[in-house]
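Colleague: Quick one: this structure, given as structure tokens, is what I'll be asking you about.
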Amino acid sequence: MPPPNSPGEASTSTPISKPAPPPFYLPINTVFYLCLLSNTLAAALSPIQDCDEVYNYWEPTHYLTHGHGLQTWEYSPEYSIRSWLYVGLHAGLAKALGLFARTKSAQFYMVRLALGLFCTISVLPSSFSMYMSMLGLAAFLDWQGGLKTVQGVICFGIGAMVGWPFAGALAIPFLLEEIAVAWSLGDIAPAMKRILEGVVKCLLILSVVVLVDSIFYRQFALVPWNIVAYNVFGGFGKGPNIFGTEPWTFYFKNLLLNFNMWTVLALSSIPLLGLQALFRPHKTSAQTLFRSVTLVMPFYMWFAIFTLQPHKEERFMYPAYPFLALNASISLHIILAYVGSSDPGTLVGKIPAKVKLIITVIPVLLAINIGLLRTVGVVTAYSAPLQVFDALLQTDGAQPDGFVCYGKEWYRYPSSFFLANNNLRAKFVQSEFRGLLPGEFAESGAGLGYFPGTWTVPEGMNDRNLEDPEKYIDISQCTYLVDSYFPGDKETKFEPHYILDTETWEKISCKPFLDTRRTGVLGRTIWIPSLPFIPKKHQRVWGDYCLLKRRAA
């Protein structure tokens, strides 16, 4: 009898199929170095995009590290809606890094770089909340070795209490999922115990926040509640809306600018999950669908809540960025799974593999390139405020002193870290702006102890954005002046063209700055090279951003 599968007998066994190639993953060290390179470049080159970052966080940090700085009304003990714990953490980092920095601006960039090692370079509570939201998301995603509910609650709690209190809402879908699953399994008690344990530990952390802030303010200060109370229950003539409102389309446009295709994918995740469940039910069980909807809900919830608020800021979206990335990746996975189908019974299954590869790769490469062009565009257009102060370091040994004044450019002040030494102080001259400008922290003096500006009530502060004339000095007192000039702009009584007044002022340093009024949409959106064949309507138009010095009389 011949052996099985011998030439004398036909084989009845199933042919061995070729194993599928393993999925491709970038090595973890490669991912790390790419992120490190990206964040290092961001720390060195990115302009500050929000004056709130400067006045509410960099300036208090400078006060704790160098003894002086500008103070906003939020730091008055009368309102106490900014946490000194958050600022103190950055001040401690800045102080330590200052041992290796020869200049204050180097100290500034080193702090940025240190933050970039973790995630983002911004010194904003909403950015810190983004860190913690990402860690909280990771905890709720990780079911290996048991549920990580306690860790997840703590991460979201730290983001809310040390960072921005509203960010705690991002944990709600995960907690509801855990309760719903536990209820369906008749196992509700352990779930509630895990959640309660996380909440108790968050309250312990909150007690530390309250203790530190109360020490600085020298009065009881529950800063997270003060933030919520002002923004939600501020009352007539108060609250965030007095600082400006935006149309409901603001976040759509902003996220499209910053994330392009990924924003569309993030907002498409629920429709795509629905289509997958409807037309490919074999790929989606009820449990998987419920889990997927839970994962994509935080971004939708956050986006909806803040779209409904009249006052809108780009930084309000920061805590939800990890969820935007998650939603976009889920959408992309669904699309790739469908496009990658080899079922000959479907239309997509009849498309050659190489054509599918082109169809999927081109949009991704296009999105990456648009993102790079956007980044280069922002850096080249708006970096002048960080660059003009380099001239103060090149003084041949002489120490510059006096007042560095800001008028209409007050909101682009990069912080006191860019003033070459402590003999230079930032001041404001009157412009057409009619809101409340920052004052100055009280400096240490006889009998006042350390950092009296954290607990003394400053004069001229209010929570209604009402102008205080005492915040201005006469321009004759200014040794230096920072101003911009865009050809075609009309000068006014309070905003003359200082740069053109060459009899009074000499240019110490001037850098190009994008003229957004005269540059088209494309030139404002992405980097456009200055080439003669590019149509004029798409070319970028420039003005001057200058550090001026008063000429000797």
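The backbone N, Cα and C atoms fix where each Cβ goes, glycine too.
TrEMBL labels come from automatic prediction, so no person has curated them.
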Colleague: With TrEMBL as the source, identify the stretch among 91-111, 259-279 annotated transmembrane segment.
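Modeller: It is 259-279 that TrEMBL describes as transmembrane segment.
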Colleague: Can you tell me which parts of the same chain pack against the transmembrane segment (259-279), counting only residues 6+ beyond its ends and a CB-CB cutoff under 8 A?
Modeller: 252, 289, 292-293, 296, 299-300, 303, 323-325, 327-328, 330-332, 334-335, 338, 363-364, 366-367, 370-371, 374
Colleague: When you scan the chain for residues with a C-beta under 8 Å from the transmembrane segment (320-341), skipping those not six or more beyond its ends, what do you find?
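Modeller: Contacts with the transmembrane segment (320-341): 130, 133-134, 137, 170, 255, 259, 262-263, 265-269, 272-273, 276, 280, 283, 292, 295-296, 298-300, 302-303, 348-349, 356, 359-360.
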Colleague: Could you check if the transmembrane segment (195-217) is in contact with the transmembrane segment (288-308), meaning 3+ Cβ pairs under 8 Å among residue pairs at least 6 apart in sequence?
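Modeller: No, these stretches are not in contact.
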Colleague: Quick test of the contact rule: Cβ under 8 Å, at least six residues beyond the ends. What residues does that give for the transmembrane segment (288-308)?
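Modeller: For the transmembrane segment (288-308), the nonlocal Cβ contacts are 137, 141, 169-170, 172-174, 176-177, 248, 250-252, 266-267, 269-270, 273, 277, 316-317, 319-320, 323-324, 326-327, 330.
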